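Annotated transmembrane segment per TrEMBL: 12-29, 129-146, 151-171, 177-198, 205-227, 250-278, 307-325, 345-367, in sequence order.
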Amino acid sequence: MNRKKQINLKKWLLYIALIVLCITSIYFVHHNENYYNRPIAEVTDVKVTGTRDITDPNGNKDRLHEQEVHATVKNGPEKGKEILLSNTFSTSKAYDQEYKPGNDLFVSINEPDGQGQLKGSIDDVKRDTSLIIIAWVFIFLMVLVGKRQGFYSLGTLCINAVILSFALDAYLSNDRIGLLAACGLAVVLFSSISLLLVNGFNRKTYAAVISTLVATFVTLVISFIVIKSTAANGLRYEEMQFLTRPTETVFMAGILVGCLGAIMDVAITLSSSIFTLYEKDPSISTKVLKEAGLEIGRDIMGTMTNIMFFVYISGAMPMLILYFKNASPLGFTLSMNLSLELARALTGGIGIVLAIPIGIAVSIYFVNKRRAVS
């Protein structure tokens, strides 16, 4: 009973600590203007001074609005002074936005005019307060729903972000390190750390780690063979035109990292299911385990493949709309914007399908080893 009370006390202390950190971090981010070198101004009043309709050569209609923005400088030598800004935004807000009182803006300050009125131009919006709030909503949902596993998942997410940044930094700062080699090592660390921290050090996790790595690298090899044998026909690398690195290598590295999450999910699901069946009935045959694994794999294969498809395609939707609204041909629009996304989605689907037989085989191997020991 005392142990249960201690566990509940630790849990509530953790929740209280998270709430305190949440409030403190939001307050700090909302009042951190003095830590910026760029001038920041808070919008106090906005007035629309003019409106005009426009039509482009393709018949698309829009409306432009002129804003007179009054703001107060919050940092730097001009702190506390009122600044007059101007802004033009469209009704569609395709590449601009409307500003409202309370918005924090990064501004460039000009010399005061003859009447001493401070004027300037708007550079960008300060969004860190909104981002920190969204981050804390994500953290609380992870901890409340996932409990300990959710907390460990947050830890692995942070660790994986650090690993990826180190891998990319090593590639960019050293010409002797290849991008695929750096990402390959990162993938090994991603899967090992994520699965071991969340699921513990046991045979089930070892099976999932091995299945993930084998399926991921087999998928990469298949993708490499297909791209080389077809000379990458149909893949449009125009979106990478400003890169100073080989676009094909960058694309392959993206495939390697991109399909890892889905493959890892399939691998741990199959491993957990097969080990659970064995623990409930140690006398269960290998054939039954295999059939059960295939049945589970078929159930998750469709949903996971659809997830990969929608995740990649959703990123291209704004550009698709832009191309269609400017009367671009259907074939050109799809090939220009979806070729790489479809290739990534299909490659991820291949990885998911491969993870099923590989995950079943590796999990059954570990089950049989455990059966032999016992």
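Placement of Cβ uses the backbone N, Cα and C atoms for every residue, glycine included.
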(request) Output the single range from 12-29, 129-146, 205-227 maximising the number of Cβ pairs under 8 Å to the transmembrane segment (345-367). (result) 205-227
(message) Using a Cβ cut-off under 8 Å, which residues of the same chain at least 6 positions beyond either end of the transmembrane segment (250-278) come close to it?
(response) 164, 179-180, 183-184, 186-187, 190-191, 194-195, 199, 203-205, 207-209, 211-212, 215-216, 219-220, 223-224, 227, 235, 237, 240, 243, 284, 288-289, 292-293, 296-297, 300-301, 304, 307-308, 312, 340, 343-344, 347-348, 351-352, 354-356, 358-360, 362-364, 366-367, 370-371
(request) Residue list, the transmembrane segment (129-146) vs rest of chain: Cβ under 8 Å, 6 or more residues beyond ends. (result) 14-15, 18, 22, 25-26, 29-30, 104, 153-154
